[in-house]
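Quick look at what Swiss-Prot lists:
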- Asn280, Asp293: Mn(2+) binding site (BINDING)
- 152-409: domain 'Protein kinase' (DOMAIN)
- Ser128: O-linked glycosylation site (CARBOHYD)
- Ser131: O-linked glycosylation site (CARBOHYD)
- Thr306: O-linked glycosylation site (CARBOHYD)
- Thr313: O-linked glycosylation site (CARBOHYD)
- Ser474: O-linked glycosylation site (CARBOHYD)
- Met1: N-acetylmethionine (MOD_RES)
- Ser34: phosphoserine (MOD_RES)
- Ser126: phosphoserine (MOD_RES)
- Thr309: phosphothreonine (MOD_RES)
- Ser447: phosphoserine (MOD_RES)
- Thr451: phosphothreonine (MOD_RES)
- Ser461: phosphoserine (MOD_RES)
- Ser474: phosphoserine (MOD_RES)
- Ser478: phosphoserine (MOD_RES)
Amino acid sequence: MNEVSVIKEGWLHKRGEYIKTWRPRYFLLKSDGSFIGYKERPEAPDQTLPPLNNFSVAECQLMKTERPRPNTFVIRCLQWTTVIERTFHVDSPDEREEWIRAIQMVANSLKQRGPGEDAMDYKCGSPSDSSTSEMMEVAVSKARAKVTMNDFDYLKLLGKGTFGKVILVREKATGRYYAMKILRKEVIIAKDEVAHTVTESRVLQNTRHPFLTALKYAFQTHDRLCFVMEYANGGDLFFHLSRERVFTEDRARFYGAEIVSALEYLHSTDVVYRDIKLENLMLDKDGHIKITDFGLSKEGISDGATMKTFCGTPEYLAPEVLEDNDYGRAVDWWGLGVVMYEMMCGRLPFYNQDHERLFELILMEEIRFPRTLGPEAKSLLAGLLKKDPKQRLGGGPSDAKEVMEHRFFLSINWQDVVQKKLLPPFKPQVTSEVDTRYFDDEFTAQSITITPPDRYDSLGSLELDQRTHFPQFSYSASIRE
């Protein structure tokens, strides 16, 4: 096994991803492709102090620019399973050339080594060394039974956004109902969401938990990716909370316990969810939680340049994400804190329409509670919403166990939770599987158009390229049932 060595090190000015200020960081570029940044210069290259930034330069792209400052360079690389861009500047053109040459050399040497370990790495705290192209090759496929769009009846539109739409469908052969997420390849590729989309598919395939949405099929057409998923028709918690304004502590405890159970399972498989928000917390027909991610932005389709600015809804971003620090499982406990605060207090813990002010609040403002909130609930929320992920409830090595052992959950039998033995505090009043009363009628009242306008349907020269991004994108859960 090759010993990892430091190829280049030194100070760089790194531009914040969310708060656009320049921060000095001491970076080490290593022979294994890791590119790690510290607030202070490490006393020894092998010191165990956790870095603030941790990227991989494998398969990276580099670009020189003189904006917004002279001697700037941009690295496009992989962090976790998302393609990201990070901007740096140095004091002279020569220094910039040295960094670019060193990074390119490491990237090239990794390419020559060829594929090593499994192409998808979900380990917490470190970026995946796999390249985007390798991820595409792994894509998704266990079954060869050909599933097509003709196998379904299309009943109602459930949601719509930047990348596509979600439709309630009925499988013709079985009469079963599913939610079909239809994503446009053109948009996924244009917005660098290929890695994220393939990751989502693999996570859905490999997870089996009562409070996580199961994937039944995944297939593609020449211009679409289609996920056929378990359908939960009890509506999302955003829908219910916006009508009821606040939940009782008992109701919030029930939902919180089911979310904790699902996060414990995901973390045990080295998956960090990263996107806990009310819109992603669905209820099934009995009132149990189903965590989903339809991958649709709430704002709908927009051509604005801000689309790519946020990975996740800004109000839910954890302080360590805003500060461009490397993050781990604790981001999910922050997300849990935000949604449970909303449930019990009827508002977000931090809110401002001005994003810069919002970020200041998330980073600096102390959490405040309404007088009506009980002491156990206050203690839980204060613990989950600690700014420092190491001090946060759930941020320690025992992860979910810390949260489960908090006195707010004292009455909860966790075995009963996962076995769905607890009685849901609210049972959706649905009369049939096609009853969509808990979905926004802004969508459900619309007629369904599977074929979008010509400018999206006619892909021309992009078509072949898109097939190379998503080879073997097919999956059927039936072989595992």
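Glycine too: its Cβ is placed from the backbone N, Cα and C atoms.
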Sparsest Cβ surroundings (other CB atoms within 10 Å) among the recorded positions Ser34, Asn280, Ser447:
Ser447
Using only C-alpha positions, which one of Ser34, Asp293, Ser447 is spatially nearest Thr313 (O-linked glycosylation site)? These are the recorded positions in the record.
Asp293
What is the nearest of the recorded positions Asn280, Asp293, Ser447 to Ser34 (phosphoserine), using the Cα of each?
Asp293
Secondary-structure category, per DSSP, in which Asn280 (Mn(2+) binding site) falls:
helix
In three-state terms from DSSP, label Asp293 (Mn(2+) binding site) for me.
coil
